[in-house]
């Protein structure tokens, strides 16, 4: 059976393949094979560039081009050849080594140097660099731009509705008014910090042999400064070097990335749940598409499916990222292999996040403010002005200010007339009374509008 979106087991490669395809160059089996091949070639080139290793001569132009072409021209057909070697070896990294040994026979200079492919390496030297590069590129090329798009769309909504007054709800009950714009930009302000941390996080990598001590390196070439050579090699690939490891790089960097992703996703979970609630309250309507159906039985339905989809996928993503952060930082003694199968699922976690991000962006595009619903809620909850009145009373030392307003408003249905009658009885300056008399739930929004306009 040919794998298609219809018969794929995972919805990542099935139903949602159009949303996740952008991650395929970084997290597919082909991608892992490609990055392993690249690391093996770059390591060989570093040996050739070290004049204290005479057995690997400096590469001539033909050899350099040959190696460069192996990387740039690598395709699925070549990857299948590596998979054929793996059928013999039952070892994926060794299969890459054998593939390169076979390829080196095609170049006059390189065929005499096949012994230096995978020289002094353990598989984890190759793998940890490959995974680090995959994560780094996926974040830079796919995840960060998509997060930035969401932040931009929420900011735009916030700016558009900067002065649209809204009844707040704390504990689900009416509270001090705000503006819709202010509540939206709050989420962007929260996202800025983890987004910046995700951009700056360094994923460490090791290249120090079977148990982290350069044992084989030193046995073969004791005169080479392997610590310096390997550190330079790792940093030349744009990664930070971890000099103190066991056989594996301890994955603390991947754990850090995972925890940052969880924080980003939790903020977006909070956002999707709030938007869902605002839609439920009628504060937002959703643009309809004529051909779409909201319910198989209720023709009138326009459901907030994009935000619900995002909520579900963010939860799936977080479950995996939390597992990565907890699991990958633990390995028995100098290593066990239980991290290997977990690492192969890195792309799954990022994919669920990406599906969710696309759903949030799609949902945002459908939102239309319903000012009449917002105004109706405000006009029915004049009791929220009790805070303003008792605070002004305190300024002028009116006795028992809080208690007076509590007695007047707590659990009561209050309208404008009730409040104005109460204000007239106060022993505060007439100017202060006049200001309170002008106050309405719709105008009692503090600096909310200014905060949105100042936000960037």
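Cβ atoms here come from the backbone N, Cα and C positions, even for glycine.
As recorded in Swiss-Prot, the features of this protein are as follows:
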type: ACT_SITE; residues: 171; note: active site, proton donor/acceptor
type: ACT_SITE; residues: 295; note: active site, proton donor/acceptor
type: BINDING; residues: 15-16, 90-92, 122-123, 247, 296, 301-303, 309, 335, 340-344; note: N(6)-(1,2-dicarboxyethyl)-AMP binding site
Problem - Secondary-structure category, per DSSP, in which residue 344 (N(6)-(1,2-dicarboxyethyl)-AMP binding site) falls - result: coil
Handout entry: Among 15, 91, 171, 344, the one of these recorded positions whose Cβ has the fewest neighbouring Cβ atoms within 10 Å
Key = 171
Practice task
Measure from the Cα of residue 171 (active site, proton donor/acceptor) to the Cα of every one of the binding-site residues 123, 309, 341, 344, then give the nearest.
Solution key: 309
Completion exercise
Under a three-state DSSP reduction, the secondary structure at residue 309 (N(6)-(1,2-dicarboxyethyl)-AMP binding site) is helix
Problem - residue 123 (N(6)-(1,2-dicarboxyethyl)-AMP binding site) CB neighbourhood, other CB atoms within 10 A - result: 19
Handout entry: Candidate with the highest Cβ count within 10 Å, taken from the binding-site residues 309, 341
Key = 309
Handout entry: Helix, strand or coil at residue 123 (N(6)-(1,2-dicarboxyethyl)-AMP binding site) [DSSP, three-state]
Key = helix
